[in-house]
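Each remark here refers to the structure printed beneath this line.
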């Protein structure tokens, strides 16, 4: 018989007690329902947060951004090069290469490549259109690959740079804009972001170099300081804060927002001009004041470029200027662009976890060689920056100029002077026998984007670029003697030449007899005021004739003019429509 204190009875009572109050220690301590549930999510968040000071994700964003600009630039080249510099272009690149060849002694050698760095020297000139298309399509394919994958190597980025250099070098007037050199410099710097062969978003044995990141930062500093200083030294309206009273209406190719921005209150235009000076002349120095201030500058510069994109069609210039601004952000700042579940961000988190645990890769021979390359890049950029910095300090500052044939380090600037009135050259054709006949019906050609028909809404094309439309803006405040290619266009229009007409929006003689005469008329344009009777009639523009830009010309009368300039006479051109 068991005693009253037998263990079996005690155990029964214990089980009843435990069932009524299970595991009191853990409940009372709060370990399970207190501190631990609060700490664990915090640990998870820290584990998913990219630490500042690294640039793995920055590299991916930079490469994709450069690839996007290349894709746009090569698309423009593919669609327009044949008409501008092709076999029957307005300025054939074959004629240009032949003139360079004669200039350097008649041989295609080192001197020719140094004067005009282009792959076209090595290709068969019998079909220059195919060469130009091949270069453009190759560039489009490579840039699309980098854009979609976010991965690149030196081979791809060098190829893109060489291909675009090959086009710009023979592009003559059509490629004389500052953003061509800016894309070549940006593309050159992007080469050093990548491993030599590996195609990976996060190549562990090729960490992004701080030197490479700083070359991009140095580029945005120079771009903005160059633009700001040329304004202060240039047009008086930048100093008295009135330039924005004119800019939206007189810029090369306005967009619909330009129309409304032009009629902003006077105080807003003063604010815009003052803000422009601060952004271009003060904020760039934030780059050198630590991580936080550098990030502020990057954000301000991107916002500034976004405003410019919204208010005008400045080609891919503003999109391109955003690219070096991205180097102001490290992985921690750009981490929100990437998913934590896979891909680049997951790889970066793993690398940072290993580094925190003290597990780092031992430098290989390739990594050591890469350090030498990065240091060499710093020395090269520093050396080539000397004349650029001297130009910035010079009272005779020039903008958009290259001091080396490869356009590695260049000077930049924009709108050093502002035109106060907008003028346009309008091509007109007639079927009349006598161009002086008061009854002659003159019909207008319309370009793809530049102002013409006053009822046509300003176009929106950025980052795309119509090179002919842009050059017509320059021609309007020059004479036709200074822009002889305008007469070349007139001759092509007299024969309904399909290559030139493909650069226009409207041919009034489509499907009809070719015009007998073509002339250029000069008009002054200004925006119609919102709410006015003209605006109610659907007019975006008002215009007033200034006079003749060039007199009426016919094909026979142009024969001698074309022959003296070695242009093929349209009568001899087989392709007519």
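From the backbone N, Cα and C atoms, a Cβ is placed for every residue, glycine too.
Unlike curated records, TrEMBL annotations are generated automatically.
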Original post:
Which is it, of 135-163, 251-279, that TrEMBL names as transmembrane segment?
Top reply: 135-163
Subject >> Which of 104-123, 135-163, 211-230, 372-393 contacts the transmembrane segment (183-199) most, counting Cβ pairs under 8 Å >> reply: 135-163
**OP:** Report the DSSP secondary-structure composition of the domain 'Lipase maturation factor 1/2 C-terminal' (408-551) as helix, strand and coil residue counts.
**Re:** 28 helix, 40 strand, 76 coil
